[in-house]
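Over in TrEMBL, the protein carries these features:
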type	residues	note
DOMAIN	83-383	domain 'Histone deacetylase'
BINDING	Asp159, Gly209, Tyr369	substrate binding site
ACT_SITE	His201	active site, proton acceptor
BINDING	Asp236, His238, Asp330	divalent metal cation binding site
REGION	471-497	region 'Disordered'
COMPBIAS	471-490	compositional bias 'Basic and acidic residues'
Amino acid sequence: MDIDAYRYRPPKPNYLPHNVEVDEPIVEELPIAVTPATELENAAFFHKMKRAAQEYNIVRPKGYTVSYHANPEMEKHHFGQTHPMKPWRLTLTKSLVSAYGMPFAMDNYNTRAATYEELNAFHASDYLDYLATAPPEDTPRDYEGNNPSDPKFNLGGSDCPLFHGLYDYCSMSAGTSIDAARKICCQQSDIAIAWGGGLHHAKRREASGFCYINDIVLGILQLLRCYPRVLYIDIDVHHGDGVEEAFKSTDRVMTVSFHKYQPDYFFPGTGALDDNGPKDEQNPGAHHAINVPLNDGITDEQYAMLFESIIGKINETYRPSVIALQCGADSLAGDRLGRFNLRVQGHGACVAYCKSLGLPMIIFGGGGYTPRNVARAWAYETSIAIASQNKIPDIIPLHAPWREHFIHETLFPTLEQIFGEPRANRNTQKRLNEIIMHVHEQLRFVGHAPSVQSRVIPPDLLGIRQDVEDRLKEESDERDEGLRRAREEGVGQAGEM
């Protein structure tokens with residue numbers, strides 16, 4: 001055994017390829033004119049947030065720990081004026097979560113960007129090098145016009161533009177998911193939330209569908225260090241093709257995707273009901289990809305019935321040891337790209353059901369192209385994670401930043417408020433029953449709790465890193481008098497009413 005392979009090596013610079021000698025970062029972040037809040041304004045909002053936590057009785061859940069992972073620098077990036085993906089939705093989500101006082105019930109982490117080596121655990125070196133060095137382009141290329149250029153790694157078009165700060169943005173997104181997975185592996189957290197992740201279309205050497213780095217795959221690779229079986233569930237309106245492809249030949253990960261399926265018209269055109277992994281029965285991944293193709297207009301009630309019937313049977317048969325749940329909010333009614341009739345409550349019911357299974361869980365973000373709807377759903381699902389969904393009021397707090405952007409003051413707008421008249425529901429009960437029967441039939445070929453032989457796994461320095469993090473946190477707490485006083489006040493701790 002080569003012991004040097006396990007020795008710690010300082011990571012190479014995050015923003016540079018390994019085969020180019022340069023002195024300065026090649027990709028610069030887009031300067032955005034943002035007026036930072038003053039210390040007085042921050043203190044005033046913190047006081048309102050604390051009062052909200054006390055008023056709504058937002059406390060840490062008993063018996064388990066929830067952690068919230070985010071990198072605020074992600075919010076400053078911009079895909080382009082006409083691009084559907086708006087990182088500002090993360091700002092809106094954070095403002096709503098904070099306005100309800102939820103941070104007091106969680107461990108909150110400002111995550112670092114993933115290093116080149118961490119991204120390289122899944123993505124090819126030549127792809128990462130190009131992603132880091134490709135100059136930004138203010139206007140996407142026309143790959144379908146009269147003089148189409150040759151797309152390299154599918155980058156530069158209208159779907160995956162080369163915007164300013166692209167590599168940094170991707171590294172930050174991946175960093176949130178990797179950090180969440182490591183907290184689960186270290187048993188520091190039972191439910192880890194990473195709304196900045198969930199970019200499920202990216203392939204090993206190709207960007208796809210607004211996704212450049214597949215943070216979900218990187219997170220699951222971390223989970224596989226400690227857990228024998230991972231159940232990946234995707235409720236984005238688009239098929240989770242990148243994650244399914246990454247784990248198509250293993251029985252240690254089962255992928256389940258609920259999505260709209262209209263192959264000739266709707267991206268990515270994959271994920272048919274009979275796409276259940278490799279056709280070769282000798283391949284360990286056979287029957288370990290479950291796809292649930294849906295039509296326009298599915299309702300909360302139909303979705304919940306389908307979800308519980310399928311996930312419940314999978315849990316009984318496959319017996320996963322941890323869940324990775326992608327909560328793409330483009331499956332909500334009124335999304336710019338989606339075509340379902342799901343409300344915030346119906347979307348959140350999937351999180352609640354997965355939580356009820358009592359397994360460690362990572363909750364990722366994903367799609368979602370109407371920011372106010374994204375923020376509503378992810379704030380509500382955060383409240384489910386901390387067992388406060390029945391405590392928070394339906395009316396968005398008056399002190400919530402950008403409250404006017406939500407248009408309707410309720411956290412749960414009706415379908416009529418969202419778009420006047422619901423979309424036609426093209427999902428018949430007969431078809432839904434056929435889907436359930438097909439999935440249950442596929443699960444007959446999945447062995448109960450497959451026994452996977454362990455392999456030698458690098459230690460990943462988690463123990464050493466944790467010792468350093470604990471020491472730094474202790475030193476920081478000693479310096480922060482305000483934090484000490486807040487803890488002494490007991491905000492976020494259960495007490496007498």
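Residue numbering: from 1, along the chain as shown.
Here the Cβ of each residue, glycine as well, is placed from N, Cα and C on the backbone.
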Packing count at Gly209 (substrate binding site) (other Cβ atoms within 10 Å of its Cβ):
21
Sort out the sequence-distant neighbours of Tyr369 (substrate binding site) for me: same chain, 6+ apart, CB within less than 8 Å of its CB, listed by position.
Pro84, Met85, Lys86, Asp330, Asp335, Arg336, Leu337, Gly338
Among Asp159, Asp236, Asp330 [binding-site residues], residue with fewest other Cβ within 10 Å:
Asp159
Please state how far apart, in Å and to a whole number, the two most distant Cα atoms are among Asp159, Gly209, Tyr369, the recorded substrate-binding residues.
13
Over the domain 'Histone deacetylase' (83-383), what is the model's average pLDDT?
94
I need the CA-to-CA distance for Asp236 (divalent metal cation binding site) versus the residue listed as 'active site, proton acceptor', whole Å please.
11
Looking at Cβ-Cβ distances, which residues of the chain lie under 8 angstroms from His238 (divalent metal cation binding site) while being 6 or more apart from it?
His200, His201, Gly209, His259, Lys260, Phe266, Phe267, Pro268, Gly328, Asp330, Gly367
With every protein chain in view, how many other Cβ atoms are within 10 Å of the Cβ of His201 (active site, proton acceptor)?
26
Env. residues of divalent metal cation site, Cβ within 8 Å of mean position of Asp236, His238, Asp330 Cβ:
Val237, His259, Gly328, Ser331, Leu337, Gly338, Gly366, Gly367, Gly368
